[in-house]
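Visitor: Reproduced below are the annotations present in TrEMBL:
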- 6-23: transmembrane segment (TRANSMEM)
- 35-57: transmembrane segment (TRANSMEM)
- 69-90: transmembrane segment (TRANSMEM)
- 102-120: transmembrane segment (TRANSMEM)
- 140-160: transmembrane segment (TRANSMEM)
- 172-192: transmembrane segment (TRANSMEM)
- 223-244: transmembrane segment (TRANSMEM)
- 255-391: domain 'DUF6545' (DOMAIN)
- 354-374: region 'Disordered' (REGION)
- 354-372: compositional bias 'Basic and acidic residues' (COMPBIAS)
């Protein structure tokens, strides 16, 4: 039962990847790499589902070991699809069709040979395990050797293509390449063990594929069942990571921007209440509409710009003496050293707003400037968030409109 769960789960995971790529295709993303990617994902999903013991039992009622034949054929189609995909990574797109034709011919010849060997054999009922039959039925051994040799050749070429491309890739694509290399290496280990097992049975008569109660019950079971499952998962993840990785990163960044946007609200609201003109009054739907690519980041950027405009308008009301008094006060109050600069800035803003509300600017010679903005936007946002949180702990500026509107979250 554990083996069936593993194979069915793996199959459905792979089919989910295929479904995702089909959705992208239907939405107009029709790149040359989409067809081989969809092909291999569908083939792999079918291979694992048809190879699950509970499914093979039903298939065997139609034809003995039919599940084994279907699964092996789908696996070879998937290997061809991976090679087709990787050729686009390692070669110019215009060269790929010519290179694919020879590999497609090899695949078709191998599949025909496997079907012929299977047809001339007397495979067992049930799950299609050819235990102890290779010596008495050489056609089954030929079937397995054909399968292993084609798949081994494909995996070796996949490893070479992947390793030669890793150095030229970055970030998520490189992570995908690494996973592909790991998955291909695991597959090579599985195939080497299978070839050794079949040849060992042919030469010595020992059992090549013992029954496995679970995928990792013994070393032989690990090589026969566990490694191919892990290999497929690694390869499928390697194919999906370059697409899904940036989207996950974008989601995390969007959540961080939304959180910073909210944390800046106290500072923005305080400045906007006193100086409504810092708000953007002309809205261009094409520029300000929320989109997955720029919605949260653009809103955050606009809020930072509005805050900086407000601080610039407060400059005539900021005093050097106030800053000195606030620096002395934060030391006296025991404010943590890493928070002192933000607290001083918040108190300077609080005092300047009180003067602004009374329309009482100070002489040019006694003015002080707001803290200089950072060159890096991330550092600037971090600084303004600290100031905003410090300002939220201050009482409302005198003569200000203290009514706080509902936060636009």
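Backbone N, Cα and C atoms are what each Cβ position is placed from, and that goes for glycine too.
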Visitor: Using a Cβ cut-off of under 8 Å, list the residues of the same chain at least 6 residues beyond the transmembrane segment (223-244) that approach it.
Guide: 3, 6-7, 10, 13-14, 17, 20, 37, 40-41, 44, 48, 82, 85, 172-173, 175-184, 186-187, 189-190, 193-194, 197, 209, 212, 215-216
Visitor: What else in the chain is close to the transmembrane segment (35-57), if you only count residues 6 or more beyond its ends and a Cβ gap under 8 Å?
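Guide: Long-range Cβ neighbours of the transmembrane segment (35-57): 1, 3-4, 7-8, 10-12, 14-15, 17-18, 21-22, 25, 65-68, 70-72, 74-75, 77-82, 84-85, 88, 126-128, 229, 232, 236, 239.
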Visitor: Report, as numbers and ranges, every residue of the chain located at least six residues beyond the transmembrane segment (172-192) whose Cβ falls under 8 Å of a Cβ in that stretch; write 'none' if there are none.
Guide: 86, 148, 151-152, 155-156, 158-159, 162-163, 165-166, 223-224, 227-228, 230-242, 245-246, 249
